[in-house]
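Student: Have a look at this one.
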Amino acid sequence: MERIIIVRYGEIMMKGLNKRFFEDKLVKHIRHALKDLGNIRVYKKESRILIDFEDYNENLIIKRLKKIFGIVLISGAYRFPVDLDKIKEVALNEIKRRIENEGIKTFKVDSKRVDKKFPLKSLEISSEIGAHILRNVQDIKVDVHNPDAVVYVEVRDEAYVFSDKIYGHGGLPVGTGGKALLLLSGGIDSPVAGWLMAKRGLELDAVHFHSYPFTSERAKEKVMDLAKILSIYVGRFRLYSINLLPIQKEINEKCPEDEMTILSRRFMMKLAQRVAKLSGSSALVTGESLGQVASQTIESLHTTNSAVELPVFRPLIATDKVDIINMAKEIETYETSILPYEDCCTVFLPKRPVTKPRLDKILKSEEKLDVEALIEEALGNMEVEDIILD
Ligand code: ATP
Ligand code: MG
């Protein structure tokens, strides 16, 4: 008898997608995430992914699998040649273990007969095993509707028995949906936005704008730390850093004070679009949420959106701040995001920013600037770093 991990990725998600392509990507991501854990075999079998491994690594493997998009369920299971008595014994031991660990009081057996040559039907297998457990354990009952524990039994070319179902994040494997460029600030929202889009199968690169030396080295490191946390889920990606200060100074000098934020946000979008081209990205991702701040009203979004042609994904547009914070905590970017280093947007912050900018008026102000030259200069000084998890 051996331990094995079963990874399930759900069927609905594969509809309309090329199944092979999806599975192969997922296998590749799993192999990559586990590559330092010794002797491990990852392979597809019967619309699931199986992992053979060395026993002592089970918890660590599961912990890593939980961070791979596309995985819906993970179970550590026993596998052995099909034999009803053996199945009964292993199922009984699972229940005993769960009683000892969790004090479960009710259970049910859920069986699946894939090998139709096996003489008992699924329901018959379940009732045989259930009866065996009831005969051998005191103080336990069957509850088919709301059991404390379920023992899953699968009769295939071999028998599989398990009772843990651990949920992954679901979604689609990174890279099955193309590539996008995340506008990554040091705030709470943008890392969550990037995470959500990667969960839908997008590969990511990121661009960050700073105002060095008004913003510090520490602020830059903070963004780098956020990028590292994201890379656990997203894999390797590239961080482009651009100094916005010369542009902000120019706006400050030549344009109305209350338009500072909206004008610099248009520059950010234009610069991001240029970087997207370099990175091979076909969309932009931001952490904007409707109504959260002055630059996130419909009018502001329209004004910044019109600076670019690429699609802009705003996965948080309808999400409340409390819910974004909860997501940030779950993906473990929150603690880094709340570190108090200054953001480039706080430099030259207008006392009363326009909340309902009119596009024609903003375009007029923009005419006072040599937009192309400013963009070229900013790109010329851009720094590029590959984020690789150490
Ligand atoms: P966040 O928490 O993500 O910083 P926010 O609530 O502070 O968002 P804004 O400052 O209006 O909101 O920024 C909206 C979005 O614009 C951010 O989510 C991010 O995608 C992008 N953005 C803002 N500042 C920067 C920056 N310095 N570098 C890169 N992207 C930025
Ligand atoms: Mg911000």
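Cβ coordinates come from backbone N, Cα and C, glycine included.
Sharing the record's features from TrEMBL:
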BINDING   Leu183, Leu184, His208, Phe209, Arg265, Gly287, Gln296  ATP binding site
DOMAIN    59-166  domain 'THUMP'
Student: For Gly287 (ATP binding site), what residues in its own chain, 6 or more apart in sequence, show a Cβ-Cβ distance under 8 Å?
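Tutor: When sequence neighbours closer than 6 are ignored, Gly287 (ATP binding site) has Leu183, Ser185, Gly187, Ile188, Asp189, Ser190, Pro191, Val192, Ala193, Gly194, Arg314, Leu316, Ile324 within Cβ distance under 8 Å.
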Student: For the domain 'THUMP' (59-166), how many residues does DSSP put in helix, in strand and in coil?
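Tutor: Its residues fall into 41 helix, 30 strand, 37 coil.
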Student: Report the mean pLDDT of the predicted model across the domain 'THUMP' (59-166), rounded to a whole number.
Tutor: 96
Student: Which residue, out of the binding-site residues Leu183, Leu184, shows the minimum number of other Cβ atoms inside 10 Å of its Cβ in this structure?
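Tutor: Result for the binding-site residues Leu183, Leu184: minimum number of other Cβ atoms within 10 Å at Leu183.
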Student: Give the maximum pairwise CA distance in Å, whole number, for the residues Leu183, Leu184, His208, Phe209, Arg265, Gly287, Gln296 listed as binding ATP.
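Tutor: Between the most distant Cα atoms of the ATP site, 19 Å.
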Student: I'd like the Cβ neighbour count for Phe209 (ATP binding site), meaning other Cβ atoms within 10 Å of its Cβ, all protein chains included.
Tutor: 27
Student: Taking only same-chain residues 6+ apart in sequence, whose CB is under 8 Å from that of Arg265 (ATP binding site), what do you get?
Tutor: Ser295, Ser300, Thr304
